[in-house]
Amino acid sequence: MNPLDRYERLVDDVEAFRDACDRPLPSVVRVNELRATPERVRAAFAEEGVTYEQVDWNDRLFRLPDGSPGTSWPYVHGWLHGQEEVSALPALALDPDPGDRVWDACAAPGSKTCHLADLMDNSGVLIGNDNNLGRLSALRHNAERLGVSNLVVTNDDARNFTTDNLGVDSLDGVAGRSPAASRTQFDGAVADVPCSCEGTCRKNPDVLEKWSMGHVKGLVGIQKGVLRRAIDLTRPGGDVVYSTCTFAPEENEAVVDHAIRTTDAEMVEWDAPLETAPGITEWEDQTFDESLQKAHRVYPHQNDTGGFFVAKLRVGGAESDATGDADETTEVEA
Amino acid sequence: MTQNDGQRFDRLPPTPDEREVEGRASREEVVDWWDERFGVPSETFEDVTFWEKGSGKIWAFSANLPSPVEVEGLGITVLRTRQEHWKPTTTGVKRFGQEATENVIDLGPGEAAAFAAGHDQQIGRWDGDWGYLIAAHELAGEREPIGVGLYLHGELRSRIPKGYQEELAVLD
Ligand SMILES: C[S@@+](CC[C@H](N)C(=O)[O-])C[C@H]1O[C@@H](n2cnc3c(N)ncnc32)[C@H](O)[C@@H]1O
């Protein structure tokens, strides 16, 4: 069975969806603003004669019709990182501030981690974790190449991750943070979980052949555990972004629905910068919370990208104060 | 004095007087070294902490944590110490070499491409110090460091690590 058949009833234009899934994906790079501005990258492309096209929904993403960016000067200088357009969504959705503490639960090989560091302006503390040591070396290589210096790399199962032996809380005094903020550790987290990856079929058509419901079921347990941990480690008012590159509602809405039912996190609105479809509230015999419509599904034919799912949650509820100031909590540290 | 434990990250002592581990560089020496060798002002490192992991490998991290820490990575590698001539890393000069004013060798288009590909080349015009230099070129209107070169006897040896070597266009 081709798993894409399952989603035909979810998309607006079945033919366009199937056609897009069969086309190879254009090669895309993101400007690493830790190193260069988009203007300087454009000037360097012009000097070197590299053809590029600006992605219409983001001026820091360029499509390179002539193929690999591995051979251009801007790439070698770490001004660019090769990553799919949709892979820029989680960091944009979290939108961390400089000085924040952010946890990237499943970080390797680090495209989103390095994008987060860029948005944090290389300040604060960013923890990039992955349970696969081999993949972590790719993360470290990317971070070095792009000059990401606010990153701590850890090798744990995200479901049991703790910062106990890192002493991240010792930063409280330094950063002048409020006591309320210091009780839990992170201002934000990204859970870019392992998934069945159907959305990457334009890059690896294999994923469709290897797909099985058994595999999906095995992943769901991990996905729920990772998202739960991300929520637990984030302070009230902080945000958690959950993302996958699959269309499977079992791995998307169902996982987020489970999290909002079992924790105090709620879905929050996020205006996606490209064309998306809302998260669904019904699938086979399941129904999901209405707020799941605030999540975004990206189908390949909408923007000529890979497939993606992204949901933004706020810990302590959607109305919780996102600034992390202590005012609403009057507890005094002993 | 205790021995260096190569498996974890230890923060460098502020000054040589506070050194507790044999042979470990101090923060003061590292900051002074970048200033003396490349003219990188010490303010550049104001918010940076320095750590040793492995023998002599120094990492720069843009925050602080209690020392020691056992993690897989902490910031980026910047310098190799515990050897007679300290050697900056490629990532170190790319991250902090932008502000260098001394011991930067400006390469022409052909030289820059050869350097990036890992080739050694004769460059007679250099009359500055021998030893580790920052090799740079001009791109999009500004100077940009390419990596570390070792200059000896009229020859600039490219020290770009294998994984970073690339065959690139010679810019007009
Ligand atoms: C979709 S990939 C992450 C891609 C990455 N965020 C990026 O942008 O480059 C999922 C990752 O989760 C990791 N992973 C799987 N199970 C995990 C677990 N229980 N804890 C932590 N990481 C896990 C995998 O090793 C894999 O690297």
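Just so you know, glycine gets a Cβ as well, placed from its N, Cα and C.
TrEMBL names A:Cys106, A:Ala107, A:Ala108, A:Pro109, A:Gly110, A:Ser111, A:Lys112, A:Asp130, A:Asp192 as S-adenosyl-L-methionine ligands; from the candidate set A:Asp157, A:Asp164, A:Asp206, the record adds A:Asp157 to that same site. Here A:Asp157 (S-adenosyl-L-methionine binding site) comes close to A:Asn131: these same-chain residues lie at least six apart in sequence, with C-beta atoms under 8 angstroms from its C-beta. A coil conformation is recorded for A:Gly110 (S-adenosyl-L-methionine binding site) in the three-state DSSP classification, outside any helix or strand. Largest Cα to Cα distance within the recorded S-adenosyl-L-methionine binders A:Cys106, A:Ala107, A:Ala108, A:Pro109, A:Gly110, A:Ser111, A:Lys112, A:Asp130, A:Asp157, A:Asp192: about 19 Å as a whole number. Close to A:Lys112 (S-adenosyl-L-methionine binding site) in the fold, though at least 6 residues off in sequence, lie A:Ser87, A:Pro90, A:Ala91, A:Asp104, A:Val190, A:Asp192, each with a CB less than 8 Å from its CB. Between the C-alpha atoms of A:Gly110 (S-adenosyl-L-methionine binding site) and A:Cys245 (active site, nucleophile), the distance comes to 15 Å.
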